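K.L.:
Can you read through this structure? Questions will come right after.
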Amino acid sequence: MGVQIPAGAAAAAGVILTFSLFCLATCLLLIFLVWAQSERTSYVALLAYVLTLSVSASIIQQVHTIVRWEDIKTAQWVNVKENVGNPELNITGASTGLDLVVFYMQYYTYNAESMLILFWASELAWSIFQIRSTRARRLHGSLIAKGVAIILPAVQQVLLRQPIFHKSTAGYMVLADFIMIACFGLGAILLLAILCKYIHARIVLVSWKVPYGQRSGGTNDNSVARLQPANGPQMPPQPKKSIYDRWLLLRFTIGFVALGLFELVVINFQLRAAATNTEANIPPVPDLSAGRAIGDFTLFVPGVTGGPLVFLVFGTTRTFRDHMAQIFLTKRTRSRLEARRQRKRKPSAAASVRPGGVVVNGNNPADVEAAGAIGGMGAVQMHDFTRTKREDAQWSSGARGRQQQESDDDHDELPIMKPLPEIPPDGRRGGHN
């Protein structure tokens, strides 16, 4: 049997299928990166797994639709005529056979993504508000949350297939959308609380840190490099780089908003389908036109776009970029990029003024660290200054001269403040009893 897709829709179908394959490649690349960093159970890894399943199911459905377009549309038309008013048609789009199976696979991933984002937001809030708990309790809670996010949507898909839930359209729609709506609402509350905490910290100029971003989200105990030379002295273990950075909250906010918009698109499609799920809206014959084929293939785009989006948001941290550079770039290219990076890091002045009136001495590591503490969500960018030995000597000599001059100026302009006498514990000043 040949390809049944209309000739007028073949080009659009090919472009969308190619784009879907690209999305699958980004998902697989993200999985490779998290495995290389021993982060196989982190939220980034779980999102990559779920998205890989979703995009793979979409590609299967696209290929099946290209090959058997006329048979599929005819079967869907018959299904609508025989089950008009069935609420399952509102979310499945009258899919049957293989298409129905891969649809439920994709719908499972939508709900799993929602729960993963919600539990990730709760762990971020737990970390930022510094709620006290033991490390073992946090680890067990994280594992339980991730397990629930994977298992509960699967239970939901099983319930959606039960005929008993098809008797009520309202009840079926609540069952189908409850997880996505609840996760979006609770996640929005948590994210709003985190942003309020950040704004308050910026207003009062207190230290803002995200402890979650300073450690890995995975459960693998391989937190340090344990490779030691066979002969010679044993080197101390080097800590592994975190897959997160100080832009974590901004990255998470972008991902949360994008997922929320996608959920709104899905729910809007279901409501429109429910409004037209009547016998009066059934066409007399199946619509096999090229325009209908292009419209159907366009609906595949939102479901696969999550792959490159998650990769761009969470897969472009410094740790992942360095690892990709080691794999995909030549040594000469890496050297050129590193040299260009070092040139950009050279300071234009010894001191830099940061937001909030903080003056940072670029040559003083303590000042640089303090500036980073005042920042947050990547709002403050710290410079990394590198000097040669000769530059160090010149800077030290100049610094001593400036310190001596400043000391002389202080003696000329300001009186010497004598320390106040200490007050004994009994509250009496010096003297004899």
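Each Cβ is built from the backbone N, Cα and C atoms, and glycine gets one as well.
Predicted, not measured: the structure shown is a model, and the values here were computed from it.
The following feature annotations were taken from TrEMBL:
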TRANSMEM  12-36  transmembrane segment
TRANSMEM  43-60  transmembrane segment
TRANSMEM  107-129  transmembrane segment
TRANSMEM  141-160  transmembrane segment
TRANSMEM  172-195  transmembrane segment
TRANSMEM  248-271  transmembrane segment
TRANSMEM  291-314  transmembrane segment
REGION    336-358  region 'Disordered'
REGION    388-433  region 'Disordered'
K.L.:
Between 12-36, 141-160, 172-195, 248-271, who has the most Cβ pairs under 8 Å to the transmembrane segment (107-129)?
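P.N.:
The stretch with the most close Cβ contacts to the transmembrane segment (107-129) is 172-195.
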K.L.:
Which sequence positions outside the transmembrane segment (172-195), separated from its termini by at least 6 residues, show Cβ-Cβ distances below 8 Å to it?
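P.N.:
Contacts with the transmembrane segment (172-195): 87-88, 90-91, 107, 110-111, 114-115, 117-118, 121-122, 124-125, 128-129, 152-153, 156, 159-160, 165-166, 249, 252-253, 256, 259-260, 263, 266-267, 270, 274.
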K.L.:
Please indicate, using numbers and ranges, the residues of the same chain that are 6 or more beyond the transmembrane segment (43-60) and have a C-beta under 8 Å from a C-beta there.
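P.N.:
Counting only partners 6 or more residues beyond its ends, the transmembrane segment (43-60) has Cβ contacts under 8 Å with 17, 20-21, 23-24, 27-28, 30-31, 34-35, 98, 102-103, 105-106, 109-110, 112-113, 116, 119-120, 123, 146, 149-150, 217-218, 243, 300, 303-304, 306-307, 310, 314-315.
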